[in-house]
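Down below is the structure, laid out as structure tokens.
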Amino acid sequence: MFTSQRQLRQNGSPMSSSRSSQHSSGTASPISDSPASNRSYGRDLRGLMGIDIPANEPAFNRANSSDTIYFRPKKIYKMEHEHPSRSTLVQLQTRSQPDDVASSQVNPEGGTDDLELGDPCGNQSLYTIGAEYVPDLDFTKLVNEWQKSTEDLYEFRSSATPQVQIKDSGKGNYELWSSPDAILTQNKLRRDSFSQENSDSLSPEDSILSRNLHSKVKPIPLPRNSQQIFTPLSNLEAERRSSYTTSSNNNSITQNNKFSFAKLKYSLPTQSSAVPASFDSNASSLNFLPTTTLSTLSELQISPNDMMDLIQKLPRNFLNLPYTQRKKVIIEHAPSHDYKAMMSLVKKFMLTSSRSNFSLAGFANNASVSQATANDDNINSRNTPNNSNDTYVNTRPLQRSRHGSIASQFLSSFSPSMTSIAKMNSNPLSGSAGGSARPDDKGMEILGHRLGKIIGFGAWGIIRECFDIETGVGRVIKIVKFKGHQNIKKHVLREVAIWRTLKHNRILPLLDWKLDDNYAMYCLTERINDGTLYDLVISWDEFKRSKIPFAERCRLTIFLSLQLLSALKYMHSKTIVHGDIKLENCLLQKEGKKSDWKVFLCDFGMSCHFDEKHVYRNDTFDENLSSGNSHRKRKSIEQTNLIKYPTTNFLPDDRTNDFDASENLKYQFENRKHQPFTPKGMVSSSSHSLKHLNQPSSSSSSNLFHKPASQPQPQHRSPFHGRHKTTDFSNLEPEPSKYIGSLPYASPELLRYSDARRSKSVEMHIYDSPDSSQSEISAASSSSSNLSSLSSSTKASAVTNSGVTTSSPSGSSTDFPCIVSPLGPASDIWALGVMLYTMLVGKLPFNHEFEPRLRSLIKVGEFDRFSLAQVCKFDRKKNEGTIGQGLYDTVIGCLTIDLDKRWKLKRIEEVLQNEMNLSEAIHDNNGS
């Protein structure tokens, strides 16, 4: 028969409270079925366990009890036998309550608690084994087997759990623990046979080592023997300390020093070095050099003094020479050593510029200082430096360094500052090694300037920054290499021939030039500050996402375009067409307010002269000019234009190239007049990152003069003269294939001319492009048939609807007519219209990834006019549609296909000037 209990009653005793807490956790205890039997069961059990029963306790009336088991004979049976029999009534407990030894507890009054019976099986979700009478049960054997199984379980867990070795920080030894859980339950582990004695608790500083992990390496102990290493002195500190050597007490530097120098020490493990002891001694000037450097010196079997002697023999611009030249110089002076290792050492210690203070010279003349720093035991004892070192200090003064670490000094030695380069006055070529250096390499001297780094690239050449050897003023040199390519050489000569004649305050000046007949052309010019108009438009973004108001965008476009118009009018007055007008070729210099911004036209590689009677001249000159002597007429044209266009009054003497001039422009942005223009060494720096306009690649060279520089340079006014006065610039007309500078800016007549030259017509040498109409081909044929009727005394010319000009000499009706170039002022005006549109809208008017399609769009003049109208008519309702209307009409007039209807420069200037005046008036009214 089985009996069980559910819950002990709460009677306030500690034991009953413990029982109640156990019940709340879901654990039950075995007991009988009724309160009456509970009292009887507790009384008999106390007697069975040898507990004395009070005499005054009344006996229970079993007649009124419902129990079916009578325990008194069992007590008598136990008393009669020495050991319990197999029929013993036992109390089996679960492991959840290992401390339960009885089914009832004694209350403080000495009685037993009334216990409630458990519910029948099925009504309770959790039961334990209650008091049970099991016949033939050997309880002792059962308990022993249970204990043995528990021990086996713990042994299995200990073998499967990684053993953790814990270091006792107090005792310095290691102890084994079975698991992290065992660490927290230290008392329980003491009962296990596999644990070791440990009475100390863990601390956060204790280190843990898992022996069963893949890494069985013990922690690396910290070294006990270490040497003190000091940081090297800076140049300023070394120079300050070296000044104390002239005092009366040369053996005690710190006695005369009022400053306390803090020692920076670091403890590092002692490492063996293959360097001889002489290098590690305090007397050596290299006693705190990097170990790798000392090892290199040891491997090369060269002493520091020998290294200094070698450096003295090298040219002062050794690091600026090409690699092949440096190699030859090293082999010449040190043939028995590895030139690569020697070059590495020289790079580390040769420079004494502001970018590097870690040099042999600095260590040689501060040997006593380094000794004082390295010696910690005798800091007040110093050695007197020798006289030779003192002399070297006076000849090679140290400079303050901005870089403190050895690593940064070593890296900076590979890229010396341009200040030190500009101060080098010696010949860059020395000895037999000089023949291998190219004349355009970094560090070379050209036109009185020292070449610096490359800051731009072009179609055939590069742009290098340069510095005046005498003054240090920064400029740029355009280097175009031809090396036997006669076509490129002719192209460069043509550019210089035109550029040297252009002297205008809105044209980038050619300060000096030099021709190397077998190598390259060098063109010296100023350096402009703030990028190009292309950079400015990129900063504005497209009109839909414009970062500035439309009103300001239109005013700035007009203001900058009027300056460009001044340069174009001057060039056209000299019968010169630019041929490559675009945003990238308009340099921008920002000075203070926006009203002080200046535009400079550059890149004359596509420029050429055009005939005065050119049909594409677009009425650049006065119509009443006679067709007499060409030379006299050209001279009178310049005089006429100077009177007609007072804004182009800057024409200095050819003997000087004074880039500074006063200007009295009619158009202003906010102020009515400009201040005298004095460029301040034009240094370029574009602060914003660029994103390129989506346009096809062009065949022209990009702008090369707007790269950044370090600082503004002083004004340069000394005249320059070309180095080749006898250079023949005749017969340098551009090749027909080079008429198109940038395809998105090309005019329709240039494209048709290019298509006609690519064709192979037997009669006219004119075949139109695949996208041209048959009417254009017929018009070209009819135009050529009319050539025979022209006068024999003049050179006949005709213009077809397709924009192709044909001419034929007199009396040569049987000869094939040649095609006259359409490149003229009208082409520059078309490109100007493309520029205006791009500045206003923020994108090119003609743009397509497929080049044939782009050509077709340009020929038919198809572009987005609605976007242009949105920008130009930004406040049409408020101002009755007058503001921006002239700017819109100007762009449309410039982008007109019909040459007769395409606007002229004079009309463009008048309309834009009126727009500017009206905009300023409205701006002043709004401000007031």
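Backbone N, Cα and C atoms are what each Cβ position is placed from, and that goes for glycine too.
Marked as compositional bias 'Polar residues' by Swiss-Prot: 1-12 (among others).
Residues or ranges marked as region 'Disordered' by Swiss-Prot: 1-43 (among others).
Swiss-Prot lists 13-29 (among others) with the feature compositional bias 'Low complexity'.
The compositional bias 'Polar residues' annotation in Swiss-Prot covers 30-40 (among others).
Feature annotation from Swiss-Prot assigns region 'Disordered' to 81-118 (among others).
The compositional bias 'Polar residues' annotation in Swiss-Prot covers 86-107 (among others).
Here Swiss-Prot flags SER178 (among others) as phosphoserine.
According to Swiss-Prot, the feature phosphoserine maps to SER179 (among others), an assignment based on a large-scale study or a structure entry.
Residues annotated as region 'Disordered' in Swiss-Prot: 374-394 (among others).
For 375-391 (among others), the entry in Swiss-Prot reads compositional bias 'Low complexity'.
Look at Swiss-Prot and you will find SER405 (among others) tagged as phosphoserine, backed by a large-scale study or a structure entry.
If you look up Swiss-Prot, you'll see SER426 (among others) marked as phosphoserine, on the strength of a large-scale study or a structure entry.
The domain 'Protein kinase' annotation in Swiss-Prot covers 449-912 and rests on sequence analysis. Across the domain 'Protein kinase' (449-912), the model assigns an average pLDDT of 68.
The feature ATP binding site is assigned by Swiss-Prot to ILE455, GLY456, PHE457, GLY458, ALA459, TRP460, GLY461, ILE462, ILE463, LYS478, with sequence analysis given as support.
According to Swiss-Prot, the feature active site, proton acceptor maps to ASP580, an assignment based on sequence analysis. DSSP assigns ASP580 (active site, proton acceptor) to coil in the three-state reduction, outside any helix or strand.
Swiss-Prot lists 670-741 (among others) with the feature region 'Disordered'.
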ASP580 (active site, proton acceptor) and ALA459 (ATP binding site), distance between Cα atoms, whole Å: 13
Largest inter-residue Cα distance among ILE455, GLY456, PHE457, GLY458, ALA459, TRP460, GLY461, ILE462, ILE463, LYS478 [record-listed ATP binders, Å]: 15
Where PHE457 (ATP binding site) sits in the secondary structure, as DSSP reduces it to three classes: strand
Distance, ASP580 (active site, proton acceptor) to ILE455 (ATP binding site) (CA atoms, angstrom): 21
Spatial neighbours of ASP580 (active site, proton acceptor), counting only the binding-site residues PHE457, GLY461, ILE463 and Cα distances within 10 Å: none
Among ILE455, ALA459, ILE463, the one of these binding-site residues whose Cβ has the fewest neighbouring Cβ atoms within 10 Å: ALA459
DSSP three-state assignment (helix, strand or coil) for ILE463 (ATP binding site): strand
C-beta crowding around PHE457 (ATP binding site), within 10 angstroms: 12
C-beta crowding around ASP580 (active site, proton acceptor), within 10 angstroms: 26
